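Trainee: TrEMBL lists 114 with the feature active site, proton acceptor. The annotation Ca(2+) 1 binding site is assigned in TrEMBL to 53, 116, 167, 168, 223, 268, 269. The Ca(2+) 2 binding site annotation in TrEMBL covers 54. Here TrEMBL flags 42-352 as disulfide bond. The feature N-linked glycosylation site is assigned by TrEMBL to 269, 323. TrEMBL lists 1-15 with the feature signal peptide.
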């Protein structure tokens with residue numbers, strides 16, 4: 001009887017593991033392939049060779065790139081090189097990406113930037129918020145952008161127990177932001193277990209100098225975040241659930257669910273087209289290729305445009321798609337004056353004139 005019980009328990013455990021593995025493959029879209037959707041006037045950006053995970057563009061056309069992200073178990077084309085922040089002036093006829101100098105005292109050797117966001121204060125001071133993973137820990141760095149010197153002045157490092165696995169950030173004040181946690185745990189093994197078991201424990205946190213609180217939770221893996229042009233809604237990408245959540249923002253900075261848009265791809269960072277209010281989404285058509293890198297079968301890229309997301313039937317169109325022959329692992333797409341920038345998790349970046 002004891003052996004029969006043990007055998008039965010083993011069978012149940014194996015069945016559960018098999019079901020979870022199959023579910024994970026579905027969440028990763030492990031069998032999906034894309035058909036190319038090309039844009040005619042594009043070229044790879046010189047100087048970006050090892051990822052440009054996030055991009056944010058100021059109203060004057062200055063674009064910031066977060067480059068060189070490294071994560072445990074994730075492929076890297078420059079594993080020993082620290083990350084950095086690059087800038088490109090999209091008003092120039094032939095813009096180039098230049099690395100910004102960072103003020104003395106900041107630890108450049110361990111700089112590992114992830115999501116970024118800019119905020120322009122009432123006196124026109126430009127702040128750059130950067131999710132940073134020094135030695136695979138989690139901080140948010142606040143810099144002041146000094147345009148004349150093409151440099152960043154480091155102002156503050158933020159650490160908090162409610163920010164254990166920060167992915168992306170949207171600044172809403174000079175020291176105020178919403179941030180996504182893509183995992184509940186910070187330990188790599190527990191992160192993997194959490195993802196495998198599909199616990200839906202990830203969240204969005206509001207941070208200010210006076211208050212830090214969880215304002216939305218229950219996501220599979222909360223990823224990209226942005227704010228609507230009228231500042232009334234927060235958009236959150238749930239990458240493994242293939243969803244974009246629209247959350248209504250309240251005066252106390254709490255968020256409530258307004259609607260969910262379901263898609264057929266892994267949604268990463270979200271950007272807003274300033275001319276239309278449309279959402280541009282950097283996507284991963286096949287997450288298994290992204291996380292299990294094979295140079296002979298590289299991860300593909302996909303950019304979606306979402307129009308009228310608040311309506312009953314938003315319009316979703318594919319702006320760009322590639323099988324990895326040009327661009328691998330697109331994570332973000334940002335547009336300014338008919339100029340499109342597409343960044344990747346650990347590969348190159350693309351500049352297109354629309």
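Even glycines carry a Cβ here, placed using N, Cα and C.
Note that the structure is a prediction, hence the values are computed from the model and not measured.
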Trainee: From the Cα of residue 323 (N-linked glycosylation site) across to the Cα of residue 42 (disulfide bond), what is the distance in angstrom?
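Mentor: So the Cα of residue 323 (N-linked glycosylation site) lies 16 Å away from that of residue 42 (disulfide bond).
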Trainee: Taking 167, 223, 269, 323 as the recorded positions to compare, which has the smallest set of other Cβ atoms within 10 Å?
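Mentor: Comparing Cβ neighbour counts within 10 Å for the recorded positions 167, 223, 269, 323 gives 323.
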Trainee: Out of 54, 114, 323, point to the one nearest residue 269 (Ca(2+) 1 binding site) in space (Cα versus Cα); all of them are recorded positions in the record.
Mentor: 54
Trainee: For the Ca(2+) 1 site given as 53, 116, 167, 168, 223, 268, 269, which other residues of the same chain have their Cβ within 8 Å of the site's Cβ centre?
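Mentor: For the Ca(2+) 1 site, the extra neighbours are 54, 114, 115, 131, 180, 224, 225, 237, 331, 332.
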Trainee: Using all protein chains in view, find how many other C-beta atoms are within 10 Å of the C-beta of the residue listed as 'active site, proton acceptor'.
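Mentor: Other Cβ atoms found within 10 Å: 23.
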Trainee: Roughly how many Å separate the Cα of residue 116 (Ca(2+) 1 binding site) from that of the residue listed as 'Ca(2+) 2 binding site', to the nearest whole number?
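Mentor: Here the two Cα atoms are 6 Å apart.
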Trainee: State which of the following recorded positions has the fewest other Cβ atoms within 10 Å around its Cβ: 42, 116, 352.
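Mentor: Least crowded of the recorded positions 42, 116, 352, by Cβ count within 10 Å, is 42.
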Trainee: Closest to residue 268 (Ca(2+) 1 binding site): which of the recorded positions 54, 114, 323, going by Cα position?
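Mentor: Looking at Cα distances from residue 268 (Ca(2+) 1 binding site), the smallest one goes to 54.
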Trainee: In sequence order, what residues of the same chain, 6+ apart, have a Cβ less than 8 Å from the Cβ of residue 168 (Ca(2+) 1 binding site)?
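Mentor: The answer is 54, 114, 115, 117, 131, 179, 180, 223, 224, 225, 269.
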